[in-house]
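Read the structure below first, then the notes.
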Amino acid sequence: MEATAEESVSTLVTTMVDETYEFLAPRWFDFVNGETEDESRRAELWFQSALSCAPSPSVPRIKARRSFKVEAMCNFNEAEEETLKDKEPLEPVVPIVSLQSQPSQAKKAEVAPSKASTVKPSRISSKDAEVNNKTVDASDPTTEPIEDKENIAPACTPKPPMQFSLGAKSVDLKKQQTARKIASLLKNPSTLRPKNQSQAKGSHQKSVKGETNLNNIASTTNLIQENQAIKRQKLDDGKSRQILNPKPATLLHKTRNGLVNTGFNLCPSVTKHTPKENRKVYVREQIAPFVSTAELMKKFQTSTRDLFVQNRPKLTLTRPKEPEFVTSQRARPLRVKSSAELEEEMLAKIPKFKARPVNKKILAAPALPAPQRSTPHLPEFQEFHLQTMARANQHAETSSIASTEVSKQHNDQKHHLTEPKSPVLQTMLRARPTIAKTTAELEQEELEKAPKFKAKPLNKKIFESKGEMGIFCNTKKHITIPQEFHFATDERISRPESVLDIFDKLSLNSESCHEKPLPRNTAPNPFNLKTEERGAEKEKKFYMELMYKKLGDVKARVPKANPYPYTTDYPVVPPKPEPKQCTQPEPFQLESLVRHEEEMRREREERRRMETEEAQKRLFKAQPVIKEDPIPVPEKVRMPLTEIQEFNLHVEHRAVERADFDHKIKEKENQYKRYREESEAAKMVEEERALKQMRKTMVPHARPVPNFNKPFLPQKSNKGTTKAKSPNLRVIKRTERRTMMARPTISAATSASAVHCLMYPGSSFNKLKKKTVLTNIVHCLMYPDSSLLN
């Protein structure tokens with residue numbers, strides 16, 4: 001891809017949130033109250049005035065074991081582009097020259113920019129573009145085109161830094177400066193930033209100070225990459241692929257303002273190199289001056305835009321990349337502990353209980369003597385000796401005869417029931433009467449309030465009814481008559497006729513089999529449904545009930561005279577009732593008649609009103625002569641001038657509303673904070689209470705001393721000894737059966753051996769089986785009927 005060799009000094013402005021600080025910051029600082037201008041100015045001045053501490057003596061040991069995390073494992077485009085570079089013709093490429101060791105040349109470049117030579121466009125690979133971004137812009141007039149063959153990296157080691165110096169002194173000076181910076185860069189590796197690998201088209205002059213600063217970073221990055229081991233990537237086919245230029249991990253929240261890169265360079269950070277900075281390594285760089293957004297936009301609009309050559313870029317495979325969200329930097333870690341962790345902490349805080357060893361003297365102590373038991377005695381009952389009896393006996397002698405007579409008279413009187421009498425209380429003498437009612441009065445009021453029940457007269461029709469009304473009568477149930485099931489299948493499927501029926505149908509005259517009966521119209525046969533029968537029965541029953549009811553009403557209308565009382569002396573003749581007056585007929589008061597009368601009256605009034613109006617209209621009345629214009633011309637009114645009123649802008653009262661809203665939000669946050677603190681305090685109190693309760697329950701209690709008064713004495717068992725009994729196994733019967741079957745063969749073998757011994761007394765068989773054969777012969781002679789003889 002053809003492009004002009006130019007490096008864009010870009011700064012990447014990203015912020016990284018310190019999770020530990022963000023989590024602990026609310027404990028030391030109130031974020032609700034805003035920061036004042038004095039506090040912000042004091043904080044900014046601290047970064048300029050404060051200095052870092054001296055280097056630690058353990059820096060060499062830290063540098064020896066310092067390692068970097070690789071941000072991007074490898075550049076997948078490098079291997080493909082190297083194969084394409086071999087096929088393409090080589091063209092002169094812009095050399096990469098370090099200007100860090102030549103401050104005088106940088107000044108010349110600023111004074112005489114007209115001497116800058118144009119750069120011939122060439123094909124630059126992504127690998128070369130990455131190296132060019134880490135080095136100085138190639139638009140210096142002292143550079144000369146060289147061949148691209150020197151830029152090719154070997155295939156077995158990481159890509160070395162590609163730098164060309166103008167002299168041996170410049171190389172030494174550059175190494176010295178990088179050595180001074182290596183301690184700080186190894187201490188804080190987050191300053192190593194991956195540069196944007198964008199290929200700029202066109203020539204654009206940049207500041208030499210910013211270029212020297214980038215050269216320092218690029219040279220340090222390459223120096224660190226030289227010391228890294230070779231990294232390989234494992235492929236699918238079992239092969240490995242070399243990873244070139246592994247990039248160290250960047251910690252965004254630890255970067256300094258002077259080393260931050262961005263893709264849009266409106267205000268590049270300018271750092272000033274002082275002799276003091278060259279002497280000390282850990283000196284902070286000065287902060288870039290503040291530039292407003294309006295100045296940045298004005299500078300961007302007035303600057304000359306970059307001219308791009310209309311070339312079609314090379315198509316490459318899209319590599320997936322994880323998006324960088326602002327929420328990932330803003331999110332705080334979850335520090336809420338789980339229930340398992342809380343339980344572990346509680347168990348760890350519980351004081352561990354360790355039981356003391358048992359004192360062996362307690363077990364070795366002698367048994368306590370048996371307590372002495374006293375013999376029980378029956379309780380002795382004592383009589384009551386009251387003082388009243390003694391006093392009565394003492395005063396009996398001194399009592400007079402009169403007192404005894406009076407007592408006798410009182411004893412002779414008949415006793416009566418004591419009538420209750422209400423006590424005379426002082427409260428009854430008060431002026432105000434008591435309002436409280438007695439229980440009798442309350443009961444009387446309840447009885448008066450209770451609804452009075454009056455029984456209705458008995459209906460005599462209940463006795464004449466058969467259970468329809470009044471008392472229910474249990475009707476006698478009839479015996480269920482079984483009925484045969486009538487299925488339609490019996491009619492559809494005819495049963496096979498018996499032989500007798502077929503024989504009866506036989507006749508002497510043969511019937512023609514080909515005769516077909518004439519088709520006839522199907523006669524409709526209505527269904528005989530049970531529901532219709534039940535409906536007819538129900539209607540009949542209903543009619544009968546109506547008839548009985550009418551008969552009862554007729555009987556009820558007939559007056560039934562009561563008989564005269566049976567008296568002989570004075571017969572009671574009922575008086576003749578007074579005759580009632582005849583009923584006078586009164587016409588019905590229908591609402592329709594009333595409405596008709598009102599409607600007729602309204603029509604008559606309407607007709608009368610219309611007649612009066614027409615009569616008034618027929619009357620003529622002359623109008624007066626017109627002296628003045630009935631429609632005068634309106635005079636022209638002088639309108640006042642328009643008063644200019646100011647606009648009622650929302651900006652005027654929006655700030656006040658916003659302040660009120662912020663005040664309400666602050667109050668609500670304080671209220672929530674107070675609620676949270678109260679809930680946490682209550683939770684802590686509850687946890688402490690539960691912990692105290694758990695500690696109370698876990699208090700160890702000593703076991704009581706064992707009682708050795710009744711030691712355990714094993715007694716002799718009453719069961720007898722176990723008698724051994726051989727099991728009735730089938731194996732025994734099976735072996736006996738086999739021996740019985742094998743006996744005839746044994747007898748034949750023994751007889752043969754006996755004959756052999758008699759015929760050959762000196763044989764080896766005779767020596768071996770001599771004893772067995774002799775025993776068999778003796779057995780056969782003693783028991784001629786045995787199986788051996790057979």
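Placed from the backbone N, Cα and C atoms, the Cβ positions cover glycine too.
Taking Swiss-Prot as the reference, the stretch among 269-311, 312-354, 441-483, 656-698 described by the feature coiled coil is residues 656-698. Sequence-distant contacts of the coiled coil (656-698) (same chain, six or more residues past either end, CB-CB distance under 8 Å): 32, 346, 349-351, 353. Note on the region 'Disordered' (701-727): DSSP counts are 0 helix, 0 strand, 27 coil.
Per-residue confidence over the coiled coil (656-698) averages out at a pLDDT of 93.
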